[in-house]
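Here's what TrEMBL has on this protein:
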- A:134-432: domain 'NADH:quinone oxidoreductase/Mrp antiporter transmembrane' (DOMAIN)
- A:6-23: transmembrane segment (TRANSMEM)
- A:35-56: transmembrane segment (TRANSMEM)
- A:76-100: transmembrane segment (TRANSMEM)
- A:112-131: transmembrane segment (TRANSMEM)
- A:137-155: transmembrane segment (TRANSMEM)
- A:218-238: transmembrane segment (TRANSMEM)
- A:250-274: transmembrane segment (TRANSMEM)
- A:311-329: transmembrane segment (TRANSMEM)
- A:335-356: transmembrane segment (TRANSMEM)
- A:397-427: transmembrane segment (TRANSMEM)
- A:447-464: transmembrane segment (TRANSMEM)
- A:484-503: transmembrane segment (TRANSMEM)
Amino acid sequence: MNWLHHLIILPILLPIITAASLIPLDERNRTLKGVIGFASTLIVFLLSVLLMRTVAASGDSGSGASVYLLGNWPAPFGIVLVLDRLSALMLGLTAVLALATQVFSMAKWHRAGHHFHSLFQLMLAGLNGAFLTGDLFNLFVFFEMMLAASYGLLLHGSGPLRVKAGLHYIAVNLAASSLFLIGVSLIYGATGTLNMADLALKISTIGPESRMLMEAGAAILGIAFLVKAGMWPLGFWLPATYSAATPPVAAIFAILTKVGVYILLRLSMLLFGSDAGASLGFGQPILLYGGLLTIGFGAIGVLASQAMGRLAGYCVLVSSGTLMAAIGLGNGAVIGGALFYLVSSTLTICAFFLLIELVERARDAGADVLAVTMEAYGDVDENEEEKEGGVAVPGTMAVLGLCFCICAILLSGLPPLSGFLAKFAMLHGLFNPGSFGGDAPVSGAEWTYTALLILSGLSAMIAMNRVGIRTFWTSIEGTIPRVFLIEITPVLLLLVACIFLSLQAGPAMRYMDATAKSLGEPQNYIGRVMSAPRAGPAGGE
Amino acid sequence: MELVLSAGIGVLTASGAWLLFRPRTYQVIIGLSLLSYAVNLFIFGMGRLRVNAPPVLEPGGTGGLLTHTDPIPQALVLTAIVIGFAMTALFLVVLLASRGLTGTDHVDGRE
């Protein structure tokens, strides 16, 4: 057991330590706090790249997951952290988003309230923990940690609008957490284990009376994640919340819905995958049709929203609906493309949330109120935006416009960028299952999925065009926004990351396909967890 | 015993859910608290009900699952209580902030 193995726990440990050490520092040293937080995130990012490379290198020989036994207890009894391709990918994505938003916040937004950087680090710890844990109850703990920090971040900057959105957000999530606990305890009551791998082993052997309880538990647990992912009847809180949050917070929240999607993907592939016996494919129709409805609802919302913040919120819904439906299709080839879409759309939405704030500085509030029915807009803290005195970058509007165009192309899925490649990969997988499945004819649901995928792109394009024209063309006499270099750089870097993803689509798709393949063969994951060697003399290693 | 516990959980859940859908923030927070009590009791129940059985060890022997109650739900419920308590406290602060900023205790910030 070499030292590299212990790196698995660092993405959780390091942000917690950083968050704790930032608290005693005086609030006036915000920049110092920001730099320390940034350094910590940077280390986590480098770590996640290292972990991803390790996993990718070992994955080809069929091993894949590496398991870290906390407290050195053997697997089904102790708590485990599991790093496989999927969790490594999510760690990397989180770190990229965190880097960008953290730099952006340091221009001015972290001054809007207390302890921004501590909360931010705690949320990262919760996110990383949720991606790494191999145990349902620990998932709850990390999930709550992430949510608790996100409540604080959402309320960052205060104001009636944010407090109202925060009130709703907290109430919805507390109710969802209750469901989470009910689901977890039902599953425990029915199977006697909380370890995901052990659970997957026991699922095929439990009796019919326990199976009913277990499936009820899994369904209730699923609702908690569907609330987080914003599935149609459960996602009405999302656009209001995201558009009320301060821009860097909204940008990092783009990953929060993906936590719900990640866990749905992980659990449905692990527990109800090929070995599930009578529970095979449990919940998939719900995911599929719920996802389709979410895409539809999101696409209509995108068309209907006047404010850019709400537009971005509905884009989040479209993105998570697309992913949920892709999981619900239960086709490994689609899931490979869906993972690519997950990375691409999350990066894009994060960049878009950051960009919105920069663009909206150019529009004076009066014109906005006249132009559209934005009841939500009136309460935004105007004073704060007036008093900053940055260097006006020459051609600010040109740069912003360019970024906006790239965002529009990515969101609507037009060639040549990664948004198009992702949708193409999903549709290609849908019609050519290849090694992942038989030659079953394309079903009605799959046709609907195809149509909705393309139509949602169209509606995003229409909405982005309309907003873009109104912002960049018809407002010539509008004020040129003052944008700090430190604010536009993260946006540019996120978009460059998307472009890089498009250029390196070959290797990226190979990684995603291998991830989908390993998800489709949970035996490997289960075997690695259950036979994880213990460290030290007791484990005989 | 089973009947008492299940009726208790049912009543708590029902009143909690009803209060959760009320328009006043104070009702919502009491509803959430009741729900979390119900959930905590439910977690206990999932370890199977056992009267007068020791949770972990008894003096002079290690025992087994036949003579002991399941200790895991008790550990879980402890975590759930702590987290639920902290979240309720946080929600209370947000509730007060909302009351102060909007001048009303309606969940939407206006009557």
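Backbone N, Cα and C define each Cβ position, glycine as well.
Where the annotation comes from TrEMBL, it is an automatic prediction and has not been curated.
Sequence-distant contacts of the transmembrane segment (A:137-155) (same chain, six or more residues past either end, CB-CB distance under 8 Å): 12, 79, 113, 115-116, 119-120, 122-123, 125-127, 129-130, 162-163, 165-166, 169-170, 173, 177, 180-181, 184, 194, 241, 244-245, 249, 252-253, 256, 259, 263.
Of the recorded ranges A:6-23, A:35-56, A:76-100, A:447-464, A:484-503, the transmembrane segment (A:112-131) has the largest number of C-beta contacts under 8 angstroms with A:6-23. Sequence-distant contacts of the transmembrane segment (A:6-23) (same chain, six or more residues past either end, CB-CB distance under 8 Å): 33, 36-37, 40-41, 43-44, 47-48, 50-51, 66, 68, 70, 81, 83, 91, 95, 115, 117-122, 124-125, 128-129, 132, 142.
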